Amino acid sequence: MALSSVSSCEPMEDEMSIMGSDTEDNFTGGDTCAEATRGLVNKSAFVPTQTVGTVSALRNVVGDPPKSVVVSFSASPQRAQPSNPKSERPAFGHGRRNRRRPFRRNNWKQQQRGWEKPEPENVPARQSAGSWPKRSSLPVHMRLGQRGGDSSSADSGHGGAGPSDRWRFKTRTQSVARVHRNRRRGNANHGSNTPGRSAGDRLNAAAASSIADVCRRVTSSRIGEMFHGARETLTTPVKNGGFRAENSSPWAPVLGFGSDQFNPEARRITWDTLVEHGVNLYKLFEVRSHAAEAARSLRDAVMRGENLLEALASADETLSWCKMIVTKNLPMRTRDPIISSSVALLDNLRLKLEPFMRCYLSSSGSPTLAELCDHQRLSDVACVPTFMFVMLARIARAVGSGAETVSRDALGPDGRVLADYVPGACLAGTLEAIDAHKRRCKADTCSLVSAYTLVPVYLHGKYFYCNQIF
């Protein structure tokens, strides 16, 4: 029977276009509706090839129209529309109307009107309907993510079976966590380059005039007057006689202001002497408040200008003083001149030892110097330098917090960490660590840094001195 006689089972033109067929070659005969219906199936679709995958072949079956797996709103397909039977383009999957529209930043609602709402069963389990990120002005590669599968596989994604590669970007999948991370990164970069910064970040007229007129304000004669006035101020640093220690006090020679230059060997004492007479100096710091205030200011300035050997000796002085206070069961007052200057001492030691400690700590797998001083964990102590930095950082933190006293627990449980400390260990242990690392490290630059840290003699680094004022 001819195909025209099967009027009740004859496929309509729209139905044929939905099946993706433009001819009637598959309907060569058959007297029944079942035979005509069997002729509607494209048998060649069940033959797998190298270029068309199994999923794409099953999509040609009329009885099972394809369902698109929606991985993002930008990849949602439109409903299949009937097309011209004479057209060579397929009616669904990759039609002209299904091409990706450009993202409209200010017209997102109009772009979303013609799209289907994603079915809950087709949404991936790791991306629920409530976890989709909001649209923003992020770049395309940050919004769309990475490609979902291999371009050579038709089963790797929704658009992998297309006739060309121009739809393959629809297979991109996006992690919600990556979207929010990229958004935070973009906001951080945007915050560092604010649009109004370039307009307002400029010198005002008063500052520009002050910088330009410095050559007229400062001359060589005025420089001489500055130094002369500074010397006069230092001749009488403290009023009311200073600490006014008794002549019989063992601390009388060291409590004067500007009497003699500091000589470490001339002022060397033993640990037993410090334990015996240290309480007298402790009380003088507490009673003579005006002298103690001047002592704090001057000692803070001295700590910042010391060389490495002097700074290490000051570290031993600070820890020995704290150990004496713990031994005598006295409160460690933060207004004590020796304890108060621990902040300046720590800054100077970090400045002097930072180049060496960078390689020294990394070679042993220890935390960086900044992490040691910030975290201040006793578990990070592995040698004398790390012990020195952790203990000074704990004392400096208490001083900087504004507390009246330093807690005994800051020096370990009930201050027992200093029980094994021997006065002079900071100087001897740090010098030993520098020399041992210098012999062990193979890097040439590290050898130079270690040697210059021990012997800071000028070899190279300064290239010119330019001064057109005086």
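Glycine too: its Cβ is placed from the backbone N, Cα and C atoms.
Residues H437, C441, C446 are recorded by Swiss-Prot as Zn(2+) binders, and the candidate that the same record lists for that site, out of C322, C359, C373, is C359. Listed ranges 1-31, 249-279; the one Swiss-Prot annotates as region 'Disordered' is 1-31. In this structure, C359 (Zn(2+) binding site) is part of a helix by DSSP. Long-range Cβ neighbours of C359 (Zn(2+) binding site) (same chain, at least 6 residues apart, Cβ-Cβ under 8 Å): H437, C441, A443, C446, V449. In this structure, C441 is the one among the binding-site residues C441, C446 with the smallest number of other Cβ atoms inside 10 Å of its Cβ. Taking the zinc finger (359-446) as a whole, pLDDT averages 91 in the prediction.
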